[in-house]
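Here the structure is laid out as structure tokens; the discussion comes afterwards.
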Amino acid sequence: MMGLLAVLALFLAVSPPTAFAQSIPGISSGSSSAAESQPEGVADEPSLNDLIKILENDDTRKKLVESLKAAAYRAPENAQQPAAAAEDAEKPAAIVRSLPGRLAEYTRMLIGMVVESAEEVPEYVELSLDMLSGAQAIDIPNILEAILPVALVGLVVFFILFLGRFLERGIFRRLAERAEHSGPIHKLAYLLLSGAIEAFVVVLSWACGYLVATLYSGTRPVFSQALFLNAFLLIEMIKVGLSAFVAPNYPALRLTPFSNRQASYWYFWISRLVSILGYTFLFVAPIVQWSSTLAAAEATQFIVAFGSLCLTIGLILKNRGTVRERLKRARKSGDNSFRAMAHSLIGQIWWGLAIAAALALFIVWLQSPEDGLKFVATAAGKSIAAMALGGLVFSILARIIAHGVKIPQELKYRLPLLERRLNGFVPKLLTVISFVVIVIVVTYILDVWELTNFDRWFASAIGQDFVAGFLGAMLIVVIAVAIYLGVSSWIEYRLNPNYGKVPTARERTLLSLFRNAFTITLIVVISMLVLSQIGIDIAPLLAGAGVVGLAIGFGAQKLVQDIITGAFIQIQNAMNEGDVVELNGVSGVVEQLTVRSVGLRSVDGTWYLIPFSSVDQVANFSKDFAYYVADVGVAYRENVEDVKAMMIDAFEELKTTNVGENLISGFDMWGVNELGDSAVVVRGRVMTKPGTQWGVGRAYREIVKRMADERGIEIPFPHMTIWFGEDRGGEAPPIRLRNEAQTRQKVVDQTPAVAAHEGYERDLTQHGTTEPGGRPIPPDANDIDSAGGGRG
């Protein structure tokens, strides 16, 4: 709502305030032009006399002073050139300079109008009493005699109308059933079709009544019949438009956000007011004037108009709280959008504005019943048409915003993100269009009621430049978003592996970088074009951008280094999205590549963001091909040839598994690679597809472990042999260990040799030479000391 008020304030400030200016009796444009045609310093006598009369009267003198003050405020702007040329030559800067003054001028004029209207209240009361005094002249017998020929025509017309309404219910019910599951466009088509059917019924009823009236009179309808038929046609057509707007009986055809009860309630009372006022002013009052007097007709009009005013104010006050709570419902539920805030504000003040509008219409009509009625009827009709059309457009846009944009399933399968992008842009665009529709409707209504002079402003150079700039900026933004959606959709289609060629990692990387760079470039270019379109000189902005870029180049050297290093990394194709790399000691899968950083996801799920400036080297495990290096450690007593045969057999079995398709070449046997502390390490190598070496290795190790167990090949774990110091004879046998359970179950022969070493027996659990399950670890058979020998 604040944005709407700002736009309206800007419109009021730049539009000429001629509609608010009060006319001064005795001075007209003709007299001023005549004065201009005379020599300077010479004034005609009528103008001087008019001026004297104005100065003698207090009210006209005050109005003259107000007009002179307003002219004096605007005089400096127009002192350099004529008024018309100055208006065409004004620029947006002049709008900004004159904005406070124009707002102050309008505020002063508005307050003056309110004060003047308050001062004229006694005059309005006196005028009302004068109009009521004509009620004594009403001749009821003559009026009934004049209305009598209309009775037959009225019966025929309303019978055909009610019959048509009864028959059209079935058609409307079928249209509502079809519209219930249709989109807003189809629903609008069904609504227009139902409105056309209602209008046809009204025209048919009017034609039948005209035919009956012609047959009744023999030549053509009499005066009273013609008045009735014309009033019937106009009033029922207005009801058709009202029915199309609220659709009281068929919610599926309703485009406005009314419930069934609200739609029926407001249609009932508004249609009754239309009928009362319409038939009174278009039929009853002319009959009263024709059969009685003009004063009697005016009294009839006043009674009905005042009663309708009281009824309208009563309805407004009765529904003040209901409408307020409905408009504030979204705000209370936690919705902080612009629409919810605007509805909440309108809910607080709507009843006051509605009552003020009703009183203003009544006062305008009261001041001049003939011209005022024509003005009010014309302005009200245009306002209702504008609000109906604007409300219809707004309702359609609101439904599209609420339901979003749906795309075909096939297209959604090809471009999964297109619908989400459309629903991210289209609702915002439609919200802006809805706001523009509201502004257009409000400005049109203000212009219709002659509260402003927007048509002159739109015809001026300033108005045309403003509208052209706004529409041009909107068009540029729409085209830019369409280009972005097209490019993003094309990139998304190229990256979709379900259609066309499966993209490589290089393509994924370059397309992602292109999308980021293209988005940034598009935003910068479109921003410059939009600023230029609305009248802002972008040359200083470009110069300032160059200076800012130079400052950034000196102050943000790391950023520049990030971009340059990243560019060279991409040129050399060092890594792509999906590759497994190691950067600065961090290993993981490349998930994100930008112009200045890389995002890695490690094996434990941790995500790392590494700037390119900190990357000293890149280790890529997914480049072209990979190797799995198999190091198999066996005990020293095992035959190396048997181990090699086992490793080759394991590879042959590996080729038959599900990872066999990832193998590129055969098994490359290298042989003994290391004589370790506890094992002999035999190495082989397998070439695999990039990124599959870890899966191949896990499968190969499983097969090797199983075959080693089957063939009795020991795969040792680290162990040590404990030696004691040797005696003078050079003998130092190792300690003998025995399982505690075996010690308890067996009786050991105490031979002299064993007895000599009895002191060396220890509990196995004290020396840690058993497995976790309690099984003793046997000594190495190739160790001479374990066989009972010694040195020397």
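Positions of Cβ are set from backbone N, Cα and C atoms, glycine also.
Any TrEMBL annotation is an automated prediction that lacks curation.
Annotated signal peptide per TrEMBL: 1-21, in sequence order.
If you look up TrEMBL, you'll see 27-46 (among others) marked as region 'Disordered'.
Residues or ranges marked as compositional bias 'Low complexity' in TrEMBL: 27-40.
Per TrEMBL, the feature transmembrane segment maps to 146-167 (among others). Within its own chain, the transmembrane segment (146-167) has Cβ neighbours under 8 Å at 201-202, 204-206, 208-209, 212-213, 216-217, 221-222, 224-225, 228-229, 232, 236, 287, 290-291, counting only residues six or more beyond its boundaries.
Marked as transmembrane segment by TrEMBL: 188-213 (among others).
Residues or ranges marked as transmembrane segment by TrEMBL: 225-246 (among others). Proximity of distant same-chain residues to the transmembrane segment (225-246), defined by a Cβ-Cβ separation under 8 Å and at least 6 residues beyond the stretch ends, is recorded for 149-150, 153-154, 157, 161, 191-192, 194-195, 198-199, 202-203, 205-206, 209-210, 213, 216-217, 254, 256, 258, 263, 266-267, 270-271, 274-275, 278-279, 282-283, 286-287, 384-385, 388, 391-392.
If you look up TrEMBL, you'll see 266-287 (among others) marked as transmembrane segment. If one looks beyond the transmembrane segment (266-287) by at least 6 residues along the same chain, the residues whose Cβ comes under 8 Å of a Cβ in the stretch are 143, 146-147, 224, 227-228, 230-231, 234-235, 238-239, 242-243, 246, 248, 258, 297-298, 300-301, 304-305, 307-308, 311-312, 315, 373.
Positions annotated as transmembrane segment by TrEMBL: 299-317 (among others).
Under the heading transmembrane segment, TrEMBL lists 338-364 (among others).
Positions annotated as transmembrane segment by TrEMBL: 384-405 (among others).
Feature annotation from TrEMBL assigns transmembrane segment to 425-446 (among others).
According to TrEMBL, the transmembrane segment annotation covers 466-491 (among others).
Under the heading transmembrane segment, TrEMBL lists 512-532 (among others). Sequence-distant contacts of the transmembrane segment (512-532) (same chain, six or more residues past either end, CB-CB distance under 8 Å): 473, 476-477, 480, 483-484, 487-488, 491, 538, 541-542, 570, 577, 593-595.
Summarising the annotation, TrEMBL assigns domain 'Mechanosensitive ion channel transmembrane helices 2/3' to 517-557.
Under the heading transmembrane segment, TrEMBL lists 538-556 (among others).
Residues or ranges marked as domain 'Mechanosensitive ion channel MscS' by TrEMBL: 559-623. Per DSSP, the secondary structure of the domain 'Mechanosensitive ion channel MscS' (559-623) breaks down as 16 helix, 25 strand, 24 coil.
Non-local neighbours of the transmembrane segment (338-364) in the same chain are 1, 3-4, 117, 124, 305-306, 309, 312-313, 316-317, 320, 323-328, 330-331, 372, 375-376, 380, 431; each lies 6+ residues outside the stretch with a CB under 8 Å from one of its CB atoms. Residues 14, 92, 415, 417-418, 421-422, 425, 429, 432, 458, 511-512, 514-515, 518-519, 522, 526, 529-530, 533-535 of the same chain, all 6+ positions outside the transmembrane segment (466-491), place their C-beta atoms under 8 angstroms from a C-beta of that stretch.
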